[in-house]
Structure formats: C-alpha cells, structure tokens
Amino acid sequence: MSADKKLFIKTYGCQMNVYDSERMAEALGGKGYVQTDTPDDADMILLNTCHIREKAAEKVYSELGRFKGLKAANPDLKIGVAGCVAQAEGEEIIRRQPMVDLVVGPQSYHRLPAMDDTVRRGAKALDTDFPEDDKFDMLKKRKRASRAPTAFLTVQEGCDKFCAFCVVPYTRGAEVSRPSARVISEAHELVESGVKEITLLGQNVNAYHGHEGGLAGLIWELDKIDGLERIRFTTSHPNDMDDALIDAHGSCDKLMPYLHLPVQSGSDRILKAMNRKHTAESYIKLIERIRAARPDLLLSGDFIVGFPGETDEDFEDTMSLIREVNYGQAYSFKYSTRPGTPAAEKPQLPDDVAADRLQRLQALLKSQQIANQDAMVGGRVKVLFEKEGREAGQLIGKSEYLHAVYAEAPKEALGQVVEAKVVESSPNSLAGVCL
Ligand code: 5AD
Ligand code: SF4
C-alpha cells in the first residue's frame with residue numbers, strides 16, 4: 001500500500017465522535033492514510049455520524065449525494081459511513097446509496113484496516129456488531145506526534161438508562177466501562193506527547209465502573225500522573241453522582257470546577273414520563289451538595305422542551321428550575337421523535353408550541369450565561385492556552401470553568417496554564433490580561 005493515501009473524516013455530534021474520529025484516523029494511518037481537511041483530493045471519505053436528533057439519516061444521505069461527482073472523477077475513492085447512523089441504518093445505507101463502500105458501527109472501528117482491504121478489492125464492507133472485545137485496545141497505540149494540549153479519552157460507552165426519548169441505548173448499546181489499566185496507560189501516552197488536560201468521555205461517564213471507587217477512583221489515579229494538570233469528564237446522569245465523585249470536586253485540585261449535569265426538565269410529571277428516575281427536587285438537592293463541595297463550580301445542563309404531554313405548567317416548572325439552579329451555560333433542544341424509542345408512540349406537541357418554549361428557555365439560559373460571565377470581569381482565571389488567535393500576538397485558551405479566553409501572550413505560552421485577569425466579557429468568551 002502506498003504511503004500517501006488521503007483520508008477525509010467529517011465528524012458530526014458529540015465529543016465521543018470527535019475522539020472516535022481521531023482513533024479511526026490512527027487505525028487507518030497503519031494502512032498508509034494521512035488526514036486531509038478537504039474531501040476533494042481524498043482516497044477515502046468517512047462520515048462519522050450522529051443519530052441523537054431528527055433528520056440525521058436524511059442529512060447523511062444528502063451529504064453523500066454531494067460526493068457523487070468526486071466518486072465519478074476518482075473511481076478509487078472509497079466512501080464510508082461510521083457512527084450512530086451507520087449503526088441504526090446498517091445495510092439500508094448501501095441499498096439507498098450504492099456508492100457507499102463501507103458501513104461501520106461505533107463498536108467496530110478496530111476492524112477498519114481489514115475493512116479497507118475489503119473495499120480496496122472492490123467489495124462492500126459492513127460491520128455493525130457489538131463485539132465483546134475492547135475496540136480501543138485493538139486499535140493502534142496512540143501516536144506520540146506533538147498534539148494539542150487538550151485531549152479526549154473515552155472511558156465508557158453505551159447507556160442502560162433508557163430515557164424515553166433517547167436512541168443511545170439502542171445505537172451505542174449497553175453500558176460498558178474500559179478497564180482502568182488501559183485508560184491509565186493511554187493517559188500516560190497522551191501526557192508524554194504533551195497533553196496537559198484530559199476530558200474523560202462517556203455517554204454516562206459517571207456510571208464508570210472500570211476501577212474500584214468508580215469514576216472518582218479513576219480520577220484519583222489520573223491525579224497521580226505528573227505533567228497532567230487538568231481533568232474533566234462528560235456527560236453525567238444525576239443518579240450516578242456518588243459521594244466520592246462529589247468529594248473529588250472539593251478535594252482533587254486537578255479536577256476542574258465545571259460540571260455538565262443534564263436534568264432535561266423541571267417538571268416531575270415529565271421527568272417521570274421521560275423515565276429519568278429523579279425529581280426536580282432531588283436534582284436541586286444534589287446541586288446544593290456539589291456546590292457545597294466546590295462553591296465556584298460552573299454548572300452546565302441539557303434541556304428538552306416539547307416532550308409529549310408537556311403542558312404550559314410543566315414548562316414553567318422547567319423555567320423555575322433554571323432560575324433556581326443558575327447555569328453558567330447549557331444546551332437545549334426541541335424534543336425530536338426518535339423511531340423505536342418509547343416516547344415516539346405518544347401524541348406529539350404542535351411544533352410552534354415547542355419552538356416558542358425553546359426560544360423562551362434559551363433566552364433565560366443566555367441571560368444567565370451573560371450575567372455569570374459579566375460577574376467574572378475584574379476576577380482571575382487560569383487559562384490553558386491551546387492555539388493562536390486571529391490577531392497577532394493573541395492566544396486562545398480555556399479557563400478552569402471552560403470559558404474561551406483570549407489574551408495577549410507569547411507563543412511559548414501555548415500549552416501552559418497562565419493566570420489572567422478578566423477584563424471583558426462577550427457573549428461566548430472572555431478577554432484576559434496575563435499576570
Ligand atoms: N430529542 C431532543 N433532544 C434529545 N436529546 C437526546 N435525545 C433527544 C431527543 N429525542 C438531548 C438530551 C441529551 C442530549 C445529548 O441530547 O438533552 O442530554
Ligand atoms: Fe440517553 Fe443520556 Fe438518558 Fe442514557 S442517560 S438514555 S444517553 S439521555
């Protein structure tokens with residue numbers, strides 16, 4: 001195999017897909033592929049897809065349609081669909097779009113090199129199994145080439161929670177935790193290649209059970225790694241925030257004061273219909289306990305509006321919860337019917353009702369985000385600089401609370417944590433002056 005095949009990966013959806021795309025690129029690197037940032041000169045195009053909300057599959061089919069010309073111009077171009085749409089649609093993708101050569105589900109990426117051999121022979125390759133083995137373990141070791149100072153590390157996949165709206169338990173399968181020894185050795189490799197901050201990923205990351213003491217146990221192991229300065233994790237379910245993890249937020253200096261803890265709704269009736277297995281009050285109590293451990297914690301969340309049966313009163317309960325909690329930032333979505341999930345069977349709300357609620361809810365969340373950021377002006381943040389800004393002499397990094405921070409700093413500060421005074425707050429970032 002020649003050493004200069006070009007691979008273009010387009011990534012949709014969550015951070016786990018970003019991580020998976022990196023690992024797929026590494027796996028195909030062993031077959032002589034190097035990544036390119038345009039599909040135009042690629043020998044392989046992979047769409048790493050997301051299925052969490054509506055029209056995901058339709059978007060993938062229309063994106064594929066746009067590659068027709070490229071395929072006609074280069075018969076050696078191979079096109080693959082990976083990720084959750086691949087898992088959900090399977091061979092239907094090749095049936096509907098015969099120019100697709102390869103369909104690979106999220107649990108089978110380690111088989112990509114063999115699948116590449118198959119497609120290079122002119123055959124189709126399809127793999128949407130849920131194999132027993134750890135795909136990450138089967139993948140090539142991560143490269144030591146110099147890399148960004150921040151990295152994702154998937155420690156857990158799948159979910160057993162079965163929220164009534166969500167496809168994840170079907171597309172990503174049952175909850176599986178990677179053994180901590182493998183996670184820790186991967187973390188060492190990342191740190192040796194210059195990584196200062198690791199974000200542990202999982203669809204239900206705080207349900208991690210690959211180490212004694214769960215996710216908190218793993219965090220304390222990672223805390224011992226010299227050179228690793230920051231640890232984060234996402235995304236969590238309120239029912240898996242155990243005492244040890246709450247304590248770690250108060251006592252582990254490397255664990256950053258930021259927590260993404262989705263509640264979805266503030267109405268107990270809707271939470272029950274969503275099969276969330278917690279109430280608005282239990283969530284608020286939990287937040288109080290976490291804030292007692294770490295008072296400056298910046299809280300993030302996910303909200304769904306327009307879930308089947310949601311009344312004006314239910315929606316007002318969600319607005320009240322948001323006012324009570326005060327989020328530093330959050331994600332919010334209109335409920336989207338996912339075929340095969342329990343909520344899809346229920347009568348749906350009119351779209352304009354949901355759209356109106358979403359607008360109101362987002363306005364409230366935005367006002368909280370802005371107020372929180374404005375309150376930081378005059379204070380100090382610790383910034384891990386990740387890249388150069390657009391203006392000369394400017395670097396961009398993240399505060400401990402995950403704000404984007406711009407500041408004038410020498411290039412040597414890239415990859416370093418620097419203390420800065422916040423001088424200005426914009427809707428999505430802070431401006432700082434290094435101290
Ligand atoms: N409709 C709208 N939002 C959804 N999410 C998951 N499934 C759906 C759906 N069917 C949101 C939830 C979840 C986030 C990742 O995506 O808020 O926390
Ligand atoms: Fe989906 Fe998260 Fe609920 Fe699991 S806990 S079913 S991933 S929303």
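Keep in mind that glycine also has a Cβ here, set from the backbone N, Cα and C atoms.
What TrEMBL records for this protein:
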type    : residues               : note
DOMAIN  : 5-121                  : domain 'MTTase N-terminal'
BINDING : Cys14, Cys50, Cys84    : [4Fe-4S] cluster 1 binding site
DOMAIN  : 145-371                : domain 'Radical SAM core'
BINDING : Cys159, Cys163, Cys166 : [4Fe-4S] cluster 2 binding site
DOMAIN  : 374-435                : domain 'TRAM'
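In the three-state DSSP reading, Cys159 ([4Fe-4S] cluster 2 binding site) counts as coil.
For Cys159 ([4Fe-4S] cluster 2 binding site), applying a Cβ distance below 8 Å and a minimum sequence separation of six or more within one chain yields Cys166, Val168, Pro169, Arg172, Ala174, Glu175, Gln203, Asn204, Ala207. In the three-state DSSP reading, Cys84 ([4Fe-4S] cluster 1 binding site) counts as helix.
Around Cys84 ([4Fe-4S] cluster 1 binding site), the same-chain residues six or more apart in sequence whose CB sits under 8 Å from its CB are Gly13, Thr49, Cys50, His51, Ile52, Ala56, Pro106, Val167, Val168, Thr171, Arg172, listed in sequence order.
Here Cys14 ([4Fe-4S] cluster 1 binding site) comes close to Cys50, Ile52, Thr235: these same-chain residues lie at least six apart in sequence, with C-beta atoms under 8 angstroms from its C-beta. Cys166 are the binding-site residues among Cys84, Cys159, Cys166 whose C-beta comes within less than 6 Å of an atom of ligand 1, given in sequence order.
Highlighted in sequence order, Tyr12, Gly13, Met16, Asn17, Thr49, His51, Ile52, Ala56, Gly83, Thr171 have their Cβ within 8 Å of the centre of the Cβ atoms of Cys14, Cys50, Cys84, the residues recorded for [4Fe-4S] cluster 1, and are not part of that set. Among the binding-site residues listed (Cys14, Cys50, Cys84, Cys159, Cys163, Cys166), Cys159, Cys163, Cys166 have a CB atom closer than 6 Å to some atom of ligand 2, in sequence order. Non-local neighbourhood of Cys163 ([4Fe-4S] cluster 2 binding site): Gln264, Met274, Asn275, Arg276, each in the same chain, at least six residues away, with C-beta under 8 Å from its C-beta.
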